[in-house]
Amino acid sequence: MASSYTLMLFLCLSIFLIASTEMMAVEGRICERRSKTWTGFCGNTRGCDSQCKRWERASHGACHAQFPGFACFCYFNC
């Protein structure tokens, strides 16, 4: 009885692991690029995200540190 339970648990975990690795492969890569439409200091990530989506057709955007301050970066599906 205990060995059948162990076998069933092993099979369920194996199927779960195979399914989760397949899902990751579907997501694809995301490419990062500095915004071409944002100018100046980026202190508002929500504004950067909105501008990247509307003006540059990106998936999303965010402010990140870049010497000497912060810049808006847009993220696209590669």
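Every residue gets a Cβ built from N, Cα and C, even glycine.
Bond annotation: of Cys12, Cys31, Cys48, only Cys48 is listed by Swiss-Prot as forming a disulfide with Cys72.
The disulfide bond recorded by Swiss-Prot for Cys74 joins it to Cys52 [selected from Cys42, Cys52, Cys63]. If you compare Cα positions, Cys63 (disulfide bond) sits closest to Cys48 out of the disulfide-bonded residues Cys31, Cys48, Cys74. Take the CB of Cys31 (disulfide bond) and look out to 10 A: across all protein chains shown you find 12 other CB atoms. The CA atom of Cys78 (disulfide bond) is located 15 Å away from the CA atom of Cys52 (disulfide bond). In the three-state DSSP scheme, Cys48 (disulfide bond) is classed as helix. DSSP assigns Cys63 (disulfide bond) to a strand.
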